[in-house]
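Pulled from TrEMBL:
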type	residues	note
ACT_SITE	CYS956	active site, glycyl thioester intermediate
DOMAIN	668-988	domain 'HECT'
REPEAT	102-139	repeat 'RCC1'
REPEAT	140-192	repeat 'RCC1'
REPEAT	193-244	repeat 'RCC1'
REPEAT	245-296	repeat 'RCC1'
REPEAT	298-353	repeat 'RCC1'
Amino acid sequence: MFSWGENTRDGFGLVKSNGLVKANTDGCVNFIHMKSPITHLSAGNKVVAFIRNNGKQVSVARMQDDKDGRRITGKLKGVEFREKILALSCGDAHIILLSEEGRVFCLTQSSNVPRLVGNLNQVIQVACGDQHFIALTQDGKVFTWGQNSSGQHCLGKGEPSTSSPQLVKSLSGIPLAQITAGGDHSFALTLSGAVFGWGKNSAGQLGLGDTVDRPAPAPVDCLNLKKTITVSCGVEHTVVLTKGGLVFTFGSGRYGQLGHNSLRNELRPRLVAELWGAKVTQIACGRNHTLAFVGSFKKIYSFGHGEQGQLGNGVKMDQSVPLPVQLPQDHIDDLQIEQTFAGGNHSFALCSSAKESGKELNDSNLGKVTQTLDDDIINRWISDCDSKSWKKIQKEITKTFSSASCLNGSFLDKSRDKHYQTSLKHSGLDLSFARLAFQKLAKKNKVLAEVEDVVHRILLPSLSKDPIGVEGLRVYLIIPELLRVLLKQQRGIDITEAFVFAILRLDPDKLQVLEGLWSTLPDTPFRTLVKTFHYVSAEYLRMGAEEGCVVKKMFEGTVMVMERLYEVNCNRRIKIAASNFHINRANCMLQNMLNTFECYDYLNLPEDFFNSFHGKSCIFNTEAKCIVYQLELNYSFAIHGHLDFWAPTIHVSRETALVDAFQHLRQSGHDFPMPLKVKFQEENGVDEGGVSLEFFSLLGRELLTMEPKTLEVDEDSGLAWFTTADGGVTDEFTLLGLLCGKALFNQCVLNLCFPLALFKKLLGLTTTLDDLKELSPTEASGLQYVLDEDEESVAAMDLVFMYKGQELIPNGEEVPVTMVNRKKYVDLYVDMKLNKSVQSQFADFEKGFHEGCPTQTWRMFLPEELMTLLQGDDNYEWDKLRQNAEYQGYRPTDDIIQNFWIVFMEFSEEQKKKFLTFLTGTDRLPRGRSLSKLQMQITSLGSTDADEYYPKAQTCSVTLCLPNYSSIDTLQEKLLHAITHCDVFGDF
């Protein structure tokens, strides 16, 4: 062993006779031929301790003051233990020791008699600060005790110091690779390289960019994705080593211990540039000095405080850049440096001969990390579960599956170190491993049942609602793979319910992080998630139907999770079909309600009945949503009809329908909870739905040309949008919205050729560049060009942050669009075009829309579905029109009927649509009134001179009055003339 630093001249009493060799001429580094091999050691400010003889012996030397006040090393003393000691850590004067049985002992400054610390067991790591202590258990739990003056306990503000170990709940669920402490601060390192620090931060030793103490673990975000593998702490500085051999330091630089050729403090991790290119494999911190070992060069670099010779450079002075320790070449050539240690003012390097390399040393952090699940363990469980080993296996299953830390550290994606890339968008898991693992467990029902019981009874109720970091959320991605194998065996409903509760119990910000992880899942595990909650939701509906009521709370929980998954799916790069979320049983139940409910049934519904549908829209297909919408309309009609509300009737002229409608609405007010009835002046038709269809069809044409102008039609797309011109508009936007709302409430078509953006805005959804592409293709293509082109082309456009004379940002006129900010420019442009420039217009429209359609279930629809509801369905199934037709005065086999269908089927698509307008008043049918449900009547006109007459239509009853023409040619001529001039030939 090499040693250098404070009072190393006598070899601490570890040497054989004549076994202390001064390794260089100035005596700064000693080489010790030890009496017995050392497997581990640690040094503090006032104590040094060694584990000897492979854990069978512990020796302690304490610093003492001589009669002149100088510090000297006291005599090495042995400490007796009944248990084998694997590791130890020194604080300022205390020593914490870890036994092979996983128990923790303490030696105080005043006594070398070991004292058992609390009831700790299954501990795998220990660490000491000056006056505080940390322990990590095999199942990932962290315990702290000792002084808490600066938040060292990691338990939050105001907690007192204590000698009893306290569980750090804020780190629960995190799979840890290392704990470490120094001075009054501490760190925890996860298996995927995330670093969390807490405690004193007066010099920036937590690396958080400030000097504020932290009483709870704080992530050192600067180290994310750096592949951190080791953290070491001095009294006020911290050193980090990455898998690539890079070294970062931060905290106090008073003695040069950060290695940046300065004495300045660093508040954030900073790369030690002098070690660039030399792959460092080990780091160690003394109180105010640092060691870095480069294995390939067999060199140890030191920097920082050197007054006691702890830098090993032959000069007892500080140095602020890494320089090699002066190890004797004649010794180093024959030895392998296994491990470097630093502590207090001491430095050590444990060595072995080449053939003995690695045999005797015990690094308490090497291989002693949070337990995880792997193939070997699973294979042993399923092969030995029927033997005498079952009780032992049960304990192992309980230990593994009751610990979120164990599961969160399992199934890591280690291909090309991908798990080190864990972030808000990457879980670091390879879920295909998890799938295979649970498939193996399912081969033995005994093992699977035990796993199910432990997860259900212990793990899920214990999950934190506020897990720290992404790694704490991995369990929510792993458990669905267990549920998958359980549900395939027709079991697992109860455990799924508990899992749903755990998800919904998460704090909102953590649930949002989980949703971000869902959004980037591969297709197969994402489908597994959806299928799991879909299956259980459907089962709850089935159970409810059989028992006479829906298992409401459980059903609502699973659907709530499905709704969140549905929203995630909408934003996924590769989406799964919406039909994966639909529950067919729900459709049947709703259809049954619609078919069987009488007026009194609606009156007996609870007031909030329809509100309960708002958060469940993902489980309903469009047809089911239409049924819910119809049910609410029926409910509204039943309630207000029961209260003697009368449906208002608007009297309008065909020539001035829009003016008359506006006048009526202004005079009578907007608040009428029943559908509109329409009466055309000088016509006898009764509005049973058909007259309203004709009325709103007329309005659709007039609104686009009305004065003052409210809508502008884009020349490229032919779609309408709110005008931004000030043309004397008063309440026209409100009335426009009111009529659109009334059309929806009346289940009529008002086709104003609005783009999808309008319906997204009504539903509170964000508009994007794709929406502008639909409304204004030319304008949007220019913006897409800005996004796609190279730097030179973007600069040549000479664009600034302006929109038609309006600033998109403050001083936008002076801010050029560049490669860096072009995405921001496009987003702001789209927002200005579709939102801000028409803010007041849309606000008035939206207000009127809500007044016109006072129901709420229309919010269940997707933008595309709502658009179809208002603007009509253009999915024509022309053959259905013939299948559903009825005849009065004719028989289906009559020549006139046969000829009519021959002529109709030979019409072009446009001619068929004109016929539909002639027959119903519109060429777009309301959703739910498709041609498959439209029942047209063909009646005889009853005239003897049939060839002299044209066909007529009664739109209110969808009736075609067809003369009995003498030939098919005459029928074709007269029918074409009628549908071309349908304004003249309609008959009410």
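Backbone N, Cα and C define each Cβ position, glycine as well.
When DSSP labels each residue, the repeat 'RCC1' (298-353) comes out as 4 helix, 29 strand, 23 coil, counted as helix, strand and coil in that order.
Long-range neighbours of the repeat 'RCC1' (102-139) within the same chain, counting only residues 6 or more positions beyond its ends whose Cβ lies under 8 Å from a Cβ of the stretch, are 42, 44-47, 49, 60, 62, 77, 79, 81, 83, 87-96, 145-148, 152-153, 164-165, 176, 178-186, 199, 233, 235, 364-365, 368-371, 399-400, 402-403, 405-406. Its Cβ taken as reference, the residue listed as 'active site, glycyl thioester intermediate' is surrounded by 24 other Cβ atoms within 10 Å in the chains shown.
The helix, strand and coil residue counts that DSSP assigns across the repeat 'RCC1' (193-244) are 3 helix, 23 strand, 26 coil. In the predicted structure, the repeat 'RCC1' (140-192) carries a mean pLDDT of 94. Taken through DSSP, the repeat 'RCC1' (102-139) splits into 0 helix, 23 strand, 15 coil. According to DSSP, the secondary structure content of the repeat 'RCC1' (140-192) in residues is 3 helix, 24 strand, 26 coil.
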